[in-house]
Protein chains: 2
Amino acid sequence: MTAPIRLLLADDHPVVRAGLRAVLETEPDLVIVAEAATAEEAVRLAAEQPVDVVLMDLQFGAGMNGSQATAEITARPGAPRVLVVTTYDSDADTLSAIEAGATGYLLKDAPPAELAAAVRDAAAGRTALAPAVADRLLHRMRAPATALSLREVQVLELVARGLANLDVARELHISQATVKSHLVHIYAKLGVDSRTAAVAAATTRGLIRR
Amino acid sequence: MTAPIRLLLADDHPVVRAGLRAVLETEPDLVIVAEAATAEEAVRLAAEQPVDVVLMDLQFGAGMNGSQATAEITARPGAPRVLVVTTYDSDADTLSAIEAGATGYLLKDAPPAELAAAVRDAAAGRTALAPAVADRLLHRMRAPATALSLREVQVLELVARGLANLDVARELHISQATVKSHLVHIYAKLGVDSRTAAVAAATTRGLIRR
DNA sequence: ACCGGAATCAACCTTTTGATCGATCGGTCG
DNA sequence: CGACCGATCGATCAAAAGGTTGATTCCGGT
């Protein structure tokens with residue numbers, strides 16, 4: 001028998017951490033070596049000890065989000081694999097997580113068996129995508145007209161939260177001119193001509209999370 | 001020693017059910033008698049057997065939502081208490097759950113001890129509200145201005161569809177000045193200062209339909 | 001090595017929106 | 001009845017957003 005797969009759980013909900021622990025601890029080849037309640041803590045713990053797979057939530061109450069933490073974790077040499085386990089999925093979440101170096105993307109409504117299988121896939125370096133996520137990614141490939149780039153989705157999500165262009169610029173550390181430029185491209189791709197119309201179109205198409 | 005409190009867990013996420021079970025089973029006075037993966041199943045199970053407290057999620061993937069299930073469960077004589085345990089909270093969620101007869105409203109990021117305490121409160125018929133939820137409810141009481149008039153809602157729904165002021169005016173057969181006037185009032189009531197922010201605020205509070 | 005797309009920024013101009021006045025006209029309610 | 005509120009409209013000015021053009025950098029694919 002080979003060495004067990006060492007896991008780090010990163011989720012701000014104690015209940016979810018307990019659930020993941022309960023589900024995964026019944027697998028003899030998996031061992032949970034640490035838990036993190038914040039993204040920052042996850043980054044720190046992943047650096048302090050040998051870990052094979054990090055189960056990473058995307059939404060944390062405050063501070064760094066899961067994508068940022070994923071990017072920091074995967075940036076280091078000999079980094080563990082990061083398997084994103086989140087509740088809701090949108091193009092924005094999926095793309096930024098994959099962009100950040102996630103090995104897999106699961107939804108929390110996955111059955112336990114699927115979860116354990118995905119962990120093993122991730123540990124072996126194989127990509128593990130939830131069916132719903134894989135479907136959407138393929139669908140995007142086939143219809144590249146409506147496919148917003150990662151940056152464009154990020155801009156649009158902030159716009160949907162009601163931020164003005166200058167606020168979006170500050171949030172993303174770019175200039176206001178760039179935000180306007182992105183918006184022009186977004187309008188063209190969605191076939192609209194105002195920010196609120198873009199938000200409405202993107203919402204009905206499921207491009208952004210509400 | 002008195003009889004243990006009998007619990008029914010209703011959540012569509014296996015991981016969350018396992019987490020709640022793990023957290024609550026360590027309490028000697030609590031016993032989980034059933035689990036439901038859908039709202040419909042929760043209603044059925046709550047009718048079939050004696051249960052003291054139902055831990056109810058609000059978001060289910062498909063079918064009935066948690067509020068509807070709560071209403072059905074509490075409508076029966078000798079009904080169990082329903083304790084809502086959800087991830088995100090918005091005014092719309094909170095109000096409809098309380099409206100439906102929920103005894104308490106907790107967030108999933110609550111620490112285990114708080115969860116167990118809330119279950120005991122609910123079993124005894126005491127209202128158990130998460131501090132964040134209680135704060136918001138009190139805040140609403142002090143600021144009853146959140147009630148939009150019928151006309152204001154009509155304007156806001158068209159704005160949310162991406163229409164410009166002039167388009168809204170034509171749609172409602174009023175002048176652009178009137179639309180702007182309504183919007184000023186809407187912004188004041190929602191505490192925002194732009195149309196997209198108003199749409200975002202109204203959406204999260206459930207004031208407009210998407 | 002070259003090309004195209006994504007992302008970045010700047011400057012200019014037009015349109016839309018928002019802020020702030022004020023005003024009229026029904027209803028409702030104590 | 002008088003006070004109040006919702007709905008309606010107008011005018012003006014400043015701010016924000018949108019449209020256009022052009023340019024640079026970087027990266028992946030041919």
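Just so you know, glycine gets a Cβ as well, placed from its N, Cα and C.
Look at TrEMBL and you will find B:6-123 tagged as domain 'Response regulatory'. Taken from TrEMBL, the feature domain 'HTH luxR-type' applies to B:141-206. The feature 4-aspartylphosphate is assigned by TrEMBL to B:D57.
Around B:D57 (4-aspartylphosphate), a 10 Å sphere centred on its CB holds 24 further CB atoms from the protein chains shown. For the domain 'HTH luxR-type' (B:141-206), the number of residues in each DSSP class (helix H, G, I; strand E, B; coil) is 49 helix, 0 strand, 17 coil. Secondary structure of the domain 'Response regulatory' (B:6-123) per DSSP (helix as H, G, I; strand as E, B; remaining residues coil): 53 helix, 26 strand, 39 coil.
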